[in-house]
Amino acid sequence: MSLLPEPGPIRTLAVATLVNTVGSGLWMASSALFLTRSVGLTVAQTGLALTLVALVSLVTSTPVGYLADRLGPRGVAIAGLTALGLCEVAMVEVRSLAGFLAVAGPMAVFDAAQRAARGAVIGGTVPPERRVHTRAYLRSVTNVGITVGAALAGVGLTVDTRGAYLALVLGDAVTFLLAAAVLTRLAPIAPVPRSASGPRLTALRDRPFLAFVVLDGLLATNFGLFEVALPLWIAGRTDAPRWMISVVFAVNTVTVVLLQVRAARGTDTLDGAARASRRAGFGLLLACLIFPLTAGTTRWLTIALLVAAALVHVAAEMWYSAGGWGISFGLAPEHAHGQYQGTYSMGHQFGQMIAPAVVTTLALGWGTPGWLLLGAAFAVAGCLVPPVVRHAAARRPHAADAAYSASSS
């Protein structure tokens, strides 16, 4: 895929994603300080609030994905982004924990809706053989947008006044509304009528698919390992300078922007996607073998090992993402991409929710044995993905179109 896609749905999705994720970068960089320094929440209240909001998003992902299928994913995506923008405007009036939850709770539902709908839009407008590449391209765009937004947020964080924080919040609101406007350029996607027989939320009854979602969620804890445990490890257990934290994050971001599409090659089939997930598990194992070595090395060797481990980790991260996209699209019936994308995201969200507690306990609390245990868990989860996906594909006729070889391993 070229740097800029040809005019059409992929370009429209890319522009909307870039605009929206600039706002995501604004919020991600400033939300904690906005809530503590401007709204007046304590650190404990902030943590509780963000956890509750994440839970709301988790439990509503599949139902709102079902609505995207029934009502049409284009309309649901536009409505979700518009509602997010209006709620973000209301955020400027928040003065308490209850007020934040009253605004952020619905926002979690709207965000889950637009995310599931976006996956269904890809499923409804992009040929099967291009869907994973499209998701990979959009992930590269996402990293660019978040980086730009976080850099812009630095201005407001430096000013450190309520007015500056409100400006960042309103900037996020504008990006939601602009992204919704961009998506109106998509052609309407016809809603899929509900089958007269069978349950509504079929994805939640699809046990083989749920087994994959659980494994994918376990692998998703690698984000918490990198974003939470590694900075604390570098600062407290190595002699590397603190700026190495920024270096490893930069290595991750730049690599994803440049190589995510390439890493997704071959994952447009269930066979290739499952093998990518397995490679991700072994890659994460290797990273978990390298990172603890830095506790006993000197400065320049420590820096070299950290960069090497960061590169191994980001390769595994890209394989993990591409594998999950290929499997989630390949196992979903064509009439249910919304709810299957919503259910798939549940595993990812759950993994990210539990990651901070799990990875800090093991990597920081247990040291090297904890790193080794994490690596072994990643490898086992990755190795289990191919047989689980093979079993799931054998239970659904449409999966034959996804080109999964029953004899593959």
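Cβ from N, Cα, C; glycine included.
Nobody curates TrEMBL annotations by hand; they come from automatic prediction.
Under the heading transmembrane segment, TrEMBL lists 12-35 (among others).
The list of residues near the transmembrane segment (47-68) in space but at least 6 beyond its ends in sequence, with Cβ under 8 angstroms from a Cβ of it, reads 31, 35, 41, 76-77, 80, 97, 100-101, 104-105, 107-109, 111-113, 115-117, 119-120, 200-201, 203-204, 336, 338-343, 345-346, 349-350, 352-353. Annotation source TrEMBL lists transmembrane segment at 47-68 (among others).
The feature transmembrane segment is assigned by TrEMBL to 140-159 (among others). Sequence-distant contacts of the transmembrane segment (140-159) (same chain, six or more residues past either end, CB-CB distance under 8 Å): 14, 17-30, 33, 165, 167-168, 171, 175, 253, 256-258, 260-261.
Look at TrEMBL and you will find 165-188 (among others) tagged as transmembrane segment.
Within the chain carrying the transmembrane segment (209-234), a Cβ under 8 angstroms from the stretch's Cβ atoms is held by residues 203, 240, 242, 244-245, 248, 252, 277, 280-281, 284, 288, 291, 294-295, 306, 310, 313, 316-317, 320, 324, 327, 331, 340, 343-344, 346-352, 354-356, 358-360, 363-364, 374, 377-378, 381-382, 384-385, 388-389, 392, all 6 or more beyond its ends. According to TrEMBL, the transmembrane segment annotation covers 209-234 (among others).
Under the heading transmembrane segment, TrEMBL lists 240-261 (among others).
The transmembrane segment annotation in TrEMBL covers 282-315 (among others).
Annotation comment: TrEMBL describes 370-389 (among others) as transmembrane segment.
Counting same-chain residues at least six beyond the ends of the transmembrane segment (370-389), those with a Cβ under 8 angstroms from any Cβ of the stretch are 208, 211-212, 215-216, 218-219, 221-222, 225, 270, 273-275, 277-282, 284-289, 291-292, 316, 323, 327, 331, 359, 361-364, 404, 408-409.
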